[in-house]
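Undergrad: Could you have a look at this structure, given as structure tokens, before my questions?
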Amino acid sequence: MSHTPTPAAGSGHAPANGHMALVIGAIGVVFGDIGTSPLYTLKEAFSPHYGLTSDHDTVLGVLSLAFWALMITVTLKYVTIIMRADNEGEGGIMALMALTQRTLKQGSRSAYVVGILGIFGASLFFGDGVITPAISVMGAVEGLEIAAPSLHPFIVPITVVVLLVVFMVQRFGTEKVGKVFGPITCLWFLSLGAIGIWNIVDAPEVLKAFNPWWAIRFFMEHGWHGVFILGAVVLAVTGGEALYADMGHFGARPIRHGWYFFVLPMLLLNYLGQGALVLNHPAALKNPFFEAVPSWALYPMIILATLAAVIASQAVITGAYSVARQAMQLGYIPRMLIKHTSRDTIGQIYVPGINWLLMVMVIALVLIFRSSTNLAVAYGISVSMTMLIDTLLLALVARSLWPRWRNWVLPLCVVFFIIELAFVIANGAKLLQGAWFPLALGIVVFTLMRTWRRGRALLREEIRKDGIRIDSFLPGLMLAPPARVPGMAVFLTADPMVVPHALMHNLKHNKVLHERNIFLNVDTLPIPYAPADKRLQIESIGDEFYRVYVRFGFMETPDVPLALMRSCDQGGIHFDPMDTTFFASRETIVASANRGMPIWRDKLFALMHRNAAPATGFFRIPGNRLVELGAQVEI
């Protein structure tokens, strides 16, 4: 069903030992978010906010809803179907958007709508990324209340300290500690299953929740109020989208096997165990997860839950770095400083700007909401909307790329859409109670991304409009050629057909040309990694002038000097970094009320442009080989 063979790690038939290592690694990274959902899902479903009683039919109804949500949304949609919609092995909403746009006519209304959906979905991811660390860590630390109620005043301070440590150590990378994430998370899931079995033996009738009749009966008894309970049920599937987003790191097979044969059974056992406890001891509703733990294992379980929450937070934070890098490469957010934290693993990066923004917002959330129950009210809306967008994009992929399978995938997409629309409606009812926060954050990020994208387009238009075409400029220049100096000049340009401002300034003030001159355009392809045969394209335009295109995938960190060094000799240009000067224009944006965007967006774009990391640093151009020349552009 996949449109192309996927080169993602683990997608082939790896040796058994290697495959098992990938499965354990995936358990440590991919399933962290969904693995901490038992900490708060049933606790939220039976909170006073929803007014449910703990009678037999209601408990079985809620358990049945959670079971079928996991089976339909996570197992069927994400693990079985959508993970086949890979973009050269990569997953996630940005990769899915780029894949979908490749099936549509460039510049068409459909491509525009898909772009809007993808950007909004990525924006909502950051809302989810703020809440997940807060609710996971706080839900784990709240276990202390069960062990020692007198510790209640210390729950928030302890949560803040744990989160501060998590964010402060990001700059050191996770290469070393990441090796223990898998075993710790495996122990966490085994503990979930063991706790579940411990309680199920006391009330085995909870196994009847596998029958969908109990979910249907729940809606029949509770009517529209039953729909709103889905606002709590959706917490059981939060993190399901991470299985697809992290596919490029581990491959589809290890993630599928980890889910089918280990993670899903352990989660189901734990939810059923909590339900069994509630049937026998309704007072356990205050915190059914920790009440289900035997007293002798309570403190070890609190420690293990906190470690699992930290690992889940780590997965979301690194996921935010990855999405931010993809968005930068695809031109949706300003360039930011990216640091590599591993010499061996290219995907391990640290983005300081994203890290500190997340830290401030996560800690602010903890201080404002002060409990996992209050945070659960805010949770879910962004996840539900992201899942809904994934379904719409999946339908487009199935229609265009899967002719053999579309007749059964498209009807399933209708089922997914109805379920996820119900999740969105249920969470929308909590807007005033706190669900507004991730939605508002998503809208802010969406506005920033759209403003940056549109502003860059307007900037290119202005430069092109005021510029001189190279094909008409060079013949005139060669009629009275300026003096030539030894070496090579590389002029970075967004439009290689127009004379760069930096060249015009150099001629005006220095009145010289280098022996060899390159007009360099750096482009990002809508695929994760640029193939070697598309990495570099060289065109000779006469008199030792060359037009060079360097291309990268959206998962790559651009290194222009390295790309030139590896490829230029093949195109007949000798590239010596020590004999090359890079020239770049640094535009100053002047906002105008009479141009393409409202004045407030012009000013916002100017602010973002002013604070963006210079293209030269982003492209790894050495500062001692760089000349930057300013230019003022009105948009």
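Just so you know, the numbers here start at 1 and follow the chain as drawn.
Placed from the backbone N, Cα and C atoms, the Cβ positions cover glycine too.
What Swiss-Prot lists as transmembrane segment is 20-40, 62-82, 111-131, 149-169, 180-200, 223-243, 259-279, 292-312, 349-369, 377-397, 408-428, 429-449, and the listing cites sequence analysis.
Give me the lay of the land around each of these features.
TA: Listed as Cβ neighbours of the transmembrane segment (62-82) (distance under 8 Å, sequence separation of 6 or more from its ends, same chain) are residues 1, 34, 41-42, 45-46, 52, 91, 96, 206, 209-215, 218, 229-230, 233-234, 236-237, 240-241, 243-244, 255-256, 259-260, 264, 267-268, 271-272, 275, 387, 390-391, 394, 409, 412, 415-416, 419-420.
Within the chain carrying the transmembrane segment (111-131), a Cβ under 8 angstroms from the stretch's Cβ atoms is held by residues 93-94, 96-98, 100-101, 104-105, 238, 316-317, 319-320, 323, 327, 332, 358, 361-362, 365, 375, 378-379, 381-383, 385-386, 389-390, 392-393, 396, 437-439, 441-446, 449-450, 453, all 6 or more beyond its ends.
Under 8 Å from some Cβ of the transmembrane segment (180-200) lie the Cβ atoms of residues 24-29, 31-32, 35, 38, 174, 206-207, 262-263, 265-274, 276-277, 292-294, 301, 304-305, 307-308, 311, 314, all in the same chain and six or more residues away from its ends.
Note on the transmembrane segment (292-312): residues 28-29, 32-33, 35-36, 39, 132-133, 136-137, 139-141, 143-144, 146-147, 162, 166, 181, 184-185, 187-188, 191, 195-196, 198-199, 239, 270, 273-274, 277, 284 of its chain, located 6 or more positions outside it, place their CB under 8 angstroms from a CB of the stretch.
Residues 129-131, 133-134, 138, 156, 159-160, 163-164, 167, 170-171, 173, 317, 320-322, 324-325, 336-341, 375, 378, 434, 437, 441, 557 of the same chain lie 6 or more positions beyond the ends of the transmembrane segment (349-369) yet place their CB under 8 Å from a CB of it.
Within the chain, the transmembrane segment (377-397) has long-range Cβ neighbours (under 8 A, six or more residues past its boundaries) at 3, 44, 49, 73, 77, 81-82, 85, 93, 96-97, 99-100, 103-104, 114, 117-118, 120-121, 124-125, 127-128, 131, 135, 231, 234-235, 237-238, 240-241, 244, 365, 369, 409-410, 413, 416-417, 420-421, 423-424, 426-428, 430-431, 433-439, 441-442.
Tertiary neighbourhood of the transmembrane segment (408-428): same-chain residues 1, 69, 72-73, 76-77, 81, 227-231, 233-234, 380-381, 384-385, 387-388, 391-392, 394-395, 398-399, 402, 435, selected by CB-CB distance under 8 Å and a gap of 6+ residues from either end.
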Undergrad: Could you name the stretch, out of 20-40, 149-169, 223-243, 429-449, with the greatest number of CB pairs under 8 A to the transmembrane segment (259-279)?
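TA: Most contacts with the transmembrane segment (259-279): 20-40.
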